[in-house]
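K.L.:
What Swiss-Prot shows for this protein is this:
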- 1-33: region 'Disordered' (REGION)
- 1-15: compositional bias 'Low complexity' (COMPBIAS)
- 56-107: zinc finger (ZN_FING)
- 103-164: region 'Disordered' (REGION)
- 200-263: DNA-binding region (DNA_BIND)
- 252: site 'Required for DNA-binding' (SITE)
- 292-334: region 'Disordered' (REGION)
- 309-328: compositional bias 'Gly residues' (COMPBIAS)
């Protein structure tokens, strides 16, 4: 009895326990290997579900980029062409639109989306910028994300290009037309202001000759000023001739100096005619012949003087004879 128990314990116990830890150690090492790599979660999906991880939806290629517009061909989903080869990335073109697969929007698979909350491209962009992949990743995400918000309905490529190019031109035309309208509105506004100011300056009331004479007489009577004591007279006068009070006031202000200058000029002309050169007008009539000169004519009477030139000789015809009797023709010189 004593000999059998130790033999059983020594032979049986070590043998089953030794392979167990050996089998457990590789199982623990295997999950540690993918975790040691960067982005192990993404790599795990690439290993198992690479063809099912992403689905390529509508085409996002801008066919009007050269024209400065934005036009899509309307392809709703990527369909690999029969000539595409998985080993050759350049051959992955869509059979519907002919564009490369990279132009289509990449959408994560719905089955894997529940287990993986953040999308793989975002995690790759978050972890890799710190190392050496910072420049390449940013360009691809903006084109897929920006058109996602406003993706047009699937329309054929030719109609889409024509319609969007037309709308682009229309938008440009509308923008230019709105600019023209805005500038035209501003010009009209300024022109309207100028016309308002210009209308105040250029608006002139046309008066009849009767109104001008009456206003001139009234202005002379009032003294070319409108005073409070003359308000009743001004009101009655304006009602008589059919002129507004403000118009009469402006007319008096504008013509005050004009008529004063005319009066001053008329007075100067009268002074020159009357007293400037001591020239008195010669009137035909009865003239008393007082000759202090060389020739005297006797036998006075009514003399009719005919003056041939001012200051020259004059011929006198006498009705009654002079010293010699009969008609005497005399010449006098001053």
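Glycine residues also receive a Cβ, built from the backbone N, Cα and C atoms like all the rest.
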K.L.:
Does residue 252 (site 'Required for DNA-binding') have same-chain partners at least 6 apart in sequence with Cβ under 8 Å from its own Cβ, and which are they?
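P.N.:
Expected: 215, 219, 224, 225, 226.
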K.L.:
Take the DNA-binding region (200-263) and average the pLDDT across it for me.
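P.N.:
That region's mean pLDDT is 86.
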K.L.:
Tally the residues of the zinc finger (56-107) by DSSP class, grouping H, G and I as helix, E and B as strand, and everything else as coil.
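P.N.:
Result for the zinc finger (56-107), in helix, strand, coil order: 6 helix, 14 strand, 32 coil.
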K.L.:
DSSP secondary structure for residue 252 (site 'Required for DNA-binding'), reduced to helix/strand/coil, please.
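P.N.:
In three-state terms, residue 252 (site 'Required for DNA-binding') counts as helix.
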K.L.:
By DSSP assignment, list the helix, strand and coil residue numbers for the DNA-binding region (200-263), in that order.
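P.N.:
Here the numbers are 50 helix, 0 strand, 14 coil.
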